[in-house]
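Student: Per Swiss-Prot, the features are:
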type	residues	note
COMPBIAS	175-195	compositional bias 'Low complexity'
COMPBIAS	196-234	compositional bias 'Polar residues'
REGION	173-239	region 'Disordered'
ZN_FING	35-61	zinc finger
ZN_FING	62-89	zinc finger
ZN_FING	90-117	zinc finger
ZN_FING	118-145	zinc finger
ZN_FING	146-169	zinc finger
ZN_FING	243-260	zinc finger
Amino acid sequence: MQELIACVDHIRFDLELAVEQQLGAQPLPFPGMDKSGAAVCEFFLKSACGKGGMCPFRHISGEKTVVCKHWLRGLCKKGDQCEFLHEYDMTKMPECYFYSKFGECSNKECPFLHIDPESKIKDCPWYDRGFCKHGPLCRHRHTRRVICVNYLVGFCIEGPNCKFMHPRFELPMGTTEQPPLPQQTQTQQKQNNNQVLQRSSSLIQLTSQNSPVSQQRSPQTIGVMQSQSGNQGNRGPRPLDQVTCYKCGEKGHYANRCTKGHLAFLSGQ
């Protein structure tokens, strides 16, 4: 009723023009400031903003569907360059880690989204086509539907709005792209283990063939090692005549037995 009696759609105030044209907007003192509470730059959406990083308004690029979790804690350093949304929107919050990991969240006022795990499971394209070899072990959802009789005959007037199932006979993916059965994976693992055992046995045979040469050379090497170990074992402490104290510079005692102090080397200069 108010629009019929006193319609003001044809009236344009000077304030509206100033806001649209950003009249009086001062540039930022330095780039990189927090502009989370500022409005969206209308010129940037039209690719006509010449202020760049000094613009006091937010520069939003693309469609941002998820709120930045670092911005929620005040730790996001990307500013306008962030690929996530810097805006508190409950419908675009990121997914709750605890609910997705453990199936429950103890926080009653959790701001993050609690998505049902069942809704994440996709329909099995092979089962929708008619048959899935994985059966109940398939990781995709097997939904039983009633086939539309009219579609099987040749034509259904309901089209995509039909409440019955319209089967699709083309292959959803390559025949080799479907994940293998658990039995097939077990057999492949056994084959790989057998190959490893065969390789190890062949290496053992090669080493056994070369063993006589090593046995012929082993006594000489053993004698050398024994002589070296014997020389090291007979080595005892050096006589005191060959020991030089690094504190006083005299021979005949170790530094830990020196009685002249740590400045004794200055007396000899």
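Including glycine, each Cβ sits where the backbone N, Cα and C put it.
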Student: Check the zinc finger (62-89) for me and report the mean pLDDT.
Tutor: 77
Student: Helix, strand, coil: count each for the residues of the zinc finger (35-61), based on DSSP.
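Tutor: In the zinc finger (35-61), the DSSP-based counts are 7 helix, 2 strand, 18 coil.
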Student: State the non-local partners of the zinc finger (35-61) in its own chain: residues 6+ outside its ends, Cβ under 8 Å from one of its Cβ atoms.
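Tutor: Sequence-remote neighbours of the zinc finger (35-61) are 20, 22, 25-28, 71, 79-80, 86-87.
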